[in-house]
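Asks: Dumping what TrEMBL says about this protein:
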type	residues	note
BINDING	HIS91, ASP102, HIS200	Zn(2+) 1 binding site
BINDING	ASP102, GLU137, HIS391	Zn(2+) 2 binding site
DOMAIN	222-318	domain 'Peptidase M20 dimerisation'
Amino acid sequence: MSEVQIGKNVNLEKIQARIESHIDTLSTYTATPGRGTTRLTYSQEDLLARQYIKEKMKEAGLTVREDGLGNIFGRLEGSEKDAASVLIGSHFDSVPNGGSYDGPAGVVAGLEVAALFTENGLTPKYPLEVIALIEEEGSRFSGGLMGSRGLVGLLAEEDFKSLKDKDGITTVEAMEKIGLDSSLPKPRNPKTLKAYLELHIEQGPILEEKNIPIGVVEAIVGLTQLEVTVKGKAGHAGTTPMDRRADALVTAAKMIAQFPELAAAEGEGTVVTTGQLQVYPNGANVIPDQTVFSVDIRSGKEEHVQSVIQKVKELADSYHDIGMEITVEQLLYIQPKEMNKEIVSLLREKSNKLGFPSCSINSGAGHDAMVFADYTNTGMLFIPSKNGLSHSPEEWSDSRHIAEAVHILFEAAIELTEAE
Ligand code: GLV
Ligand code: MN
Ligand code: MN
């Protein structure tokens with residue numbers, strides 16, 4: 001038994017076993033059993049995961065509530081009246097056919113930190129809140145980071161209500177279907193937030209290659225998501241000569257094929273991805289009259305994100321004179337974000353004290369932490385991802401590393417909540 005203690009009762013083996021049980025259970029709430037986790041926001045799988053998380057929050061002695069977005073909060077009350085809260089958590093939605101750890105690892109870490117508070121009989125001065133956020137991935141309603149953006153007031157009520165999934169179902173209708181109340185309050189006064197801590201899997205190869213269990217995140221890349229709509233003209237696949245076509249799919253394909261070069265020319269690790277493409281009317285013998293595709297652009301430097309947006313727009317304009325109508329809509333834009341320096345030092349200090357090797361790391365993935373960073377003192381921990389894989393059924397992380405991160409977060413949370 002390698003039990004590490006600094007005054008508090010922390011049994012890493014026990015925590016590790018509970019983490020595995022949480023992750024295994026949550027991974028069964030998938031619409032694609034055997035083909036990874038597919039848990040779209042406000043789906044039946046969301047409902048099952050939500051019920052499990054709420055039950056575990058209650059078992060950890062927390063008072064549970066949901067907001068008008070369906071974010072879940074489990075609160076351990078503070079001894080000081082109306083004090084701001086220390087939030088720990090992540091998201092519990094997934095990409096289509098994703099893994100079991102992207103998001104849930106951080107929610108589960110929050111649950112275990114709260115359980116340690118209760119087991120050690122600690123009373124925080126500032127409330128501790130475990131938080132499970134919706135729609136970070138944007139897999140159902142596009143854009144992403146919806147739970148955190150809504151929580152800090154960056155998503156207007158009207159905009160939230162107007163969002164629809166690919167079947168035309170609105171956010172409000174989807175919430176009602178699983179018994180959620182969209183009329184509950186959404187934005188929260190930033191004064192009620194003292195800090196936000198998030199554990200996440202790295203989703204890349206660095207920690208595994210270095211054989212270091214803990215990454216203390218310094219900064220998160222800037223990113224944007226564009227939706228490009230190409231309009232051409234439908235026609236018969238057999239009778240329309242090749243030189244009389246305005247084929248929306250061929251034009252989209254030509255554009256998309258240029259993105260790798262565009263990203264390489266921009267340099268400094270700039271990445272551009274098209275992961276969604278819809279073709280209309282989607283008939284094998286019909287020339288497509290419309291295509292809609294996503295463009296995800298990321299870089300540690302905002303100027304590169306801006307420059308690629310401009311180039312995508314110029315590329316779109318260049319097809320106008322051959323009869324194509326192309327519009328570019330920006331669904332999400334978020335600048336690169338630095339984590340709070342004091343939280344970074346605190347997390348580093350706790351890792352050192354507990355004897356867990358750590359290093360500084362930057363995040364190429366987007367996270368709810370980048371939204372919270374403008375509103376409260378925010379920090380993140382990463383743990384290694386096997387073979388650097390994520391957004392894949394093969395995504396895997398070691399529950400021992402999650403347990404170690406829980407221990408660090410527990411010690412950090414004691415300090416931030418001034419618990420005794
Ligand atoms: C979330 O996984 C993102 O980086 O888009
Ligand atoms: Mn993700
Ligand atoms: Mn994630």
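Heads up, the Cβ atoms here are built off N, Cα and C, so glycines get one too.
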Asks: Using other CB atoms within 10 angstroms as the count, which residue among the binding-site residues HIS200, HIS391 scores least?
Replies: HIS391
Asks: Once near-sequence residues are set aside, which residues in the chain of GLU137 (Zn(2+) 2 binding site), 6 or more away, have Cβ atoms under 8 Å from its Cβ?
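Replies: Expected: HIS91, ASP93, SER94, VAL95, GLY98, GLY103, GLY144.
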Asks: Using DSSP and collapsing to three states, where does HIS391 (Zn(2+) 2 binding site) fall: helix, strand or coil?
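Replies: Assignment for HIS391 (Zn(2+) 2 binding site) reads coil.
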Asks: Starting from the Cβ of ASP102 (Zn(2+) 1 binding site), draw a 10 Å sphere and report how many other Cβ atoms land inside it.
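Replies: Excluding its own Cβ, ASP102 (Zn(2+) 1 binding site) sees 26 Cβ atoms within 10 Å.
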Asks: Take the mean position of the Cβ atoms of ASP102, GLU137, HIS391, the recorded Zn(2+) 2 site. Which other residues of that chain put their Cβ within 8 Å of it?
Replies: SER94, VAL95, GLY98, GLY99, GLY103, GLU136, SER139, GLN203, SER390
Asks: Cβ within 8 angstroms of the Cβ centroid of HIS91, ASP102, HIS200: which residues besides those meet this for the Zn(2+) 1 site?
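Replies: Filtered neighbour residues, in order: SER90, TYR101, GLY103, PRO104, ALA105, GLY106, GLU136, GLU198, ILE201, HIS367.
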Asks: If you average the pLDDT over the domain 'Peptidase M20 dimerisation' (222-318), what number do you get?
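Replies: That region's mean pLDDT is 97.
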